[in-house]
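Taken from Swiss-Prot, the feature GTP binding site covers 22-29, 90-94, 144-147. Per Swiss-Prot, domain 'tr-type G' is recorded for 13-281.
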Amino acid sequence: MSADLARIAEEVSHRRTFAIISHPDAGKTTLTEKLLLFSGAIQMAGTVKGKKGGKFATSDWMEIEKQRGISVASSVMQFDYRDHTVNLLDTPGHQDFSEDTYRVLTAVDSALMVIDAAKGVEEQTIKLLNVCRLRNTPIVTFMNKCDREVRDSLELLDEVENVLKIRCAPITWPIGMGKTFRGVYSLLSDAVILFEAGTEKLVSDIEVIQGIDNPRLDELFPLEMEQLRMEIELVKGASNEWSLEEFLAGELTPVFFGSAINNFGVREILNALIDWAPAPQERDATVRNVDPKEAKFSGFVFKIQANMDPKHRDRIAFLRVCSGQFERGMKMKHLRLNRDIAASSVVTFMSHDREIVEEAFAGDIIGIPNHGNIQIGDSFSEGEDLAFTGIPFFAPELFRSVRIKNPLKLKQLQKGLQQLGEEGAVQVFKPHSGGDLILGAVGVLQFEVVASRLAAEYGVDAIFESASIWSARWFSCDDRKKLDEFVKTLQMNIATDAGGNLAYLAPNRVNLQLTQERWPDIVFHETREHAVKLND
């Protein structure tokens, strides 16, 4: 193995790239900050220390996330912990819920699921986990807020297994809850980690007592220990044993209990992500699978963020490095346009703060300045024609028809929507029967962002109105004659999206079911690949 390949393999083995997913208010933002605190990226709560020694307040990026048009961003943070480079991708809350959230999950190798132990599994968690399941992404689970009155722990595990359809292996177990929360018992190390409230508590302050039968524990809290021993006996008999193999296959989730606001349980999660979560894996491309330890650079764009810096009205394409070594100034081939670009101003992130990248390896997320030529799903390489797959469009859940007040601006509207559709800001459907263009989204905020960007970037004042569409499905058929017949017969429901793919716009659930039954040769798709055009 050459020195370069040996170094690439070494760097890749020390990369961990994961997303944090949760329902809003489960404590995700707090946990994100605490992970940064434990890693040393934050020197004190509220102040993030950049790699060059510069500081900025974490409240800066939290405030930015609240602003419209910027809150659609998913924060990307890179930090070092235990000789590993960790790439953490945060996902936005439900007001900002968009396809952007889904696509972030295509760029990671594992996910950390945060659940409010008082509420259990909630709607957005279900949606996000379903997306993780598309790629069998390994999931680590953190039951948060154990210092409050929470639900029964066994009940929570049961709910995760039944609702999310993933088996649980408890790694730590809570001792008491709310005002009587005493800490957690580690099933793997047979140790009790004592809890003491306080947002400034660090690892050095946390006391660990070895052995569940240690007499000191009975002296400290006899009632809770009696209850704990009964529960642990039950848990060992009723729950799944920890298996790294099943975790990596996405079939089993290790479960940790704690309180992020009190820094409790955070160290255990970070260690689990380093010890158990996978390093960057092979990625599927149209021509072959790509090994992260290959010599040549490759990667794909999973997100485009406009106006990250409101002062510069810029656009950044977020690229997940899939193989090789990226070096500043290198030439990269933009495969869709068959064009080379010189990568000199590529950046890395600490949330919205950035610095120029000198080098990057598989698993790293880098930002390429984009002047409108880069689309979501675009692949880059050192020359080889390989387009990465697994970057999906999702069937929209909300629809609006769009028209303009000034008919003279029609061309600008069409151009704007075409570009925004390609960028992935919204899905654009052109009905075959004529009439207004239809926009599709999975979150209301997407429409608001599109309206403001049409006005700011294209000078178009657009009117959005509700459309009588329940859902959209892309469709395909191996038999061209049957495909043409379907399109001709149901012309009133057929549209073409920004990528030139055919879609069926269903007015209601019954209509879609009946259509599927009547046309058994037509295959309906809830997702479609960026890199693959249907019916070609």
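Counting begins at 1 with the first residue displayed.
Cβ from N, Cα, C; glycine included.
DSSP assigns Thr91 (GTP binding site) to coil in the three-state reduction, placing it in neither a helix nor a strand. A 10 Å cutoff on Cβ-Cβ distances gives Ser22 (GTP binding site) a total of 24 other Cβ atoms nearby, all chains included.
When secondary structure is read from DSSP and collapsed to three states, Cys146 (GTP binding site) falls in the coil class.
In three-state terms derived from DSSP, Asp25 (GTP binding site) belongs to neither a helical nor a strand segment and is classed as coil. A mean pLDDT of 83 is what the model gives for the domain 'tr-type G' (13-281). Cβ neighbour counts within 10 Å, taken over all protein chains shown, single out Cys146 as the most crowded of the binding-site residues Asp25, Lys28, Cys146.
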